[in-house]
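I have placed the structure first, in the form of structure tokens, so that the comments after it can refer back to it.
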Amino acid sequence: MRFAPCFGLFLLSAVFVLLQTQPSSGALTEPQTLKDVKRQDPGVVKSKVSLPEKFDSKTHLGQLQPPKITTEILSGTILGLANVPSSIAYAGIAGLHPLTGIWTSFFVGLTSALYGGRPGLIAATASAVCVPLSKITKTMGGLAPEYMQATVLLASALQAAFSLLKLGNLISLVTQPSLFGFMNGLGLVIAKAQMGIFAGLSGIPLLSTVLVALATALIVTIVPRFTTAVPSPLVALPLATVVSSILHLPLKTLGDLAGPDTFSGGLKVLPSVKTKLLPDIPYTKDTLALLFPVAMSISVITFLQTLLASKAVEDAPIKNTLIPETKKNRALMGVALGSSISTFFGGCGGCGLLPFTQLNMNCGGRGMVSSLTQPLCLALFVMVFAPLIAHVPMAAMAGLMFTVARSSIKPLPSYQMAQKAFSSGAPGMAKVDFLALCVSSIVCFKVDMAMGIVLGIVIDRIGRLVIEKMGQAEEGKDSGIINMSNNQTQLHKQKVQ
């Protein structure tokens, strides 16, 4: 019966709820990074922020709490489930087996979490890797696995070089308008990607899909208003699965997406290990000319994605929690190592994922435990709990991702920038900020995420430079007029005398 495994999933989530402790109270309501705390009271924080007993209980810092283990585990569990369909879909873009995408996400996520750099960062395989890589995998025939490994290893080497050169510090160049534009474009891309679930449907299947997606999104949104004892997706997904199974709704499931062999479970779904250290390809100039542009594209996009996802954790509005600073270059190296390791198991590499990092924060995860739980649960889902998650409706997953899209889009800051730019007597910089926001949003959505944020930064920086030069010219002109007036006044006084 389909109902039995679904009910098991529901019971599993109920056990997690019982393990959850009540959230602690505190007076602080604003997010603080370690840098903020040091700036406020440099003498207080001298040790790792993950140890609350080191905080001075007589100060406001004593009310800042480390991430709670049960919340972290619950959030990582949700992320592991959410990564199943995305890993399968991204593998399909590159023409790879669904399990290739899943095990790539496992190795990239596990290595990134263990190596450190950014607690709370969710790393896995991504479209930023698979779209450029498809140019190799779909044109090289039987040699595609070897060329794919060579390309990913080269991209990982480039990203490791970025880390060693401390290029991660360049993330400070990202301006607020370009970042908001990136988030707007990302939200629209996520929402558009979910629309594929409705393609080709009509009648009862279409109605069922729409209703389940809406119901899931509604539950995810409403549950936190009543309780934060459990992340709301862990309520919405099992509930949607159980109800759709009881009502026998005609919905596509994860099992339909990937095929029965992906969710057969057991040791047979484990990846095979490559015994050769280097891929078996001709090492010539022609090979380098073929692979280098693709590897460079992958490394630049993953560089930006990882840093932006890390920045999102630092900027997250999380109450009563001290958020450690990002070791940007270490985070880049962790992702590069994870991508390299994945290739020896047939993987295709990955990067830090802003949508899933955003979902992790929405669920209360912001520490290393959630980052580590995500790949471990991903492996458990395909090896042990495959019969359970195979029945999760794709409509429910789409509803969950719609909430991520909604939280990614920044309507209020965008409106405020527009209002400031078009108000009477608005400063020139307000117009430049709004232009950078619009260009970044549109290009990120319509063309390319990396290109969009880079264009936004360029527009903002050039605009600031031009306005500063114009301001200096105006000041020089005004000072010249004042000097001329003073000279005329002095001449007049001399004539009078």
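Numbering starts at 1 and runs along the chain as displayed.
For all residues, glycine too, the Cβ spot is worked out from N, Cα and C.
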Stated TrEMBL location of transmembrane segment, expressed as one of 71-96, 97-122, 123-148, 331-356: 331-356
Region 'Disordered' range according to TrEMBL, out of 18-37, 478-497: 478-497
Surrounding residues of the transmembrane segment (434-459) on its own chain - C-beta under 8 Å, 6+ positions past either end: 128, 173-175, 177-182, 184-186, 188-189, 192, 300-301, 304-305, 308, 414, 417-418, 420-422
Rounded mean pLDDT for the residues that make up the domain 'SLC26A/SulP transporter' (71-202): 90
Residues of the parent chain within Cβ reach of the transmembrane segment (288-310), under 8 Å, 6 or more residues beyond its termini: 117-118, 121-123, 126, 128-129, 132-133, 135-136, 147, 150-152, 154-156, 158-159, 162, 167-168, 171, 174, 179, 182, 326, 328, 331-332, 335, 339, 349-354, 357, 449-450, 453
Criterion met for the transmembrane segment (234-251) and the transmembrane segment (179-198) (at least three Cβ pairs under 8 Å): no
Stretch in 179-198, 331-356, 376-402 most in contact with the transmembrane segment (204-222), if contact is a CB pair under 8 A: 376-402
Tertiary contacts of the transmembrane segment (331-356), as residues 6+ beyond its ends and Cβ separation under 8 Å: 79, 82-83, 86, 91, 94, 96, 100-101, 103-105, 107-118, 121-126, 128-130, 133, 145, 148-149, 152-153, 155-157, 159-160, 162-164, 167-168, 186, 190, 271-274, 298, 301-303, 305-310, 312, 374, 401, 404, 408
Residue numbers, six or more beyond the limits of the transmembrane segment (376-402), whose CB comes under 8 Å of its CB atoms: 2, 5-6, 8-9, 12, 76-77, 79-85, 87, 99, 102, 105-106, 109-110, 190-191, 193-194, 197, 208-210, 212-217, 220, 233, 236-237, 240-241, 244-245, 249, 251-257, 262-267, 269-270, 355, 359
Long-range neighbours of the transmembrane segment (179-198), counting only residues six or more past its ends (CB under 8 A): 206, 209-210, 213, 252, 308, 311, 354-355, 394-395, 398, 401-402, 404-410, 413-414, 417, 436-445, 449, 452-453, 456
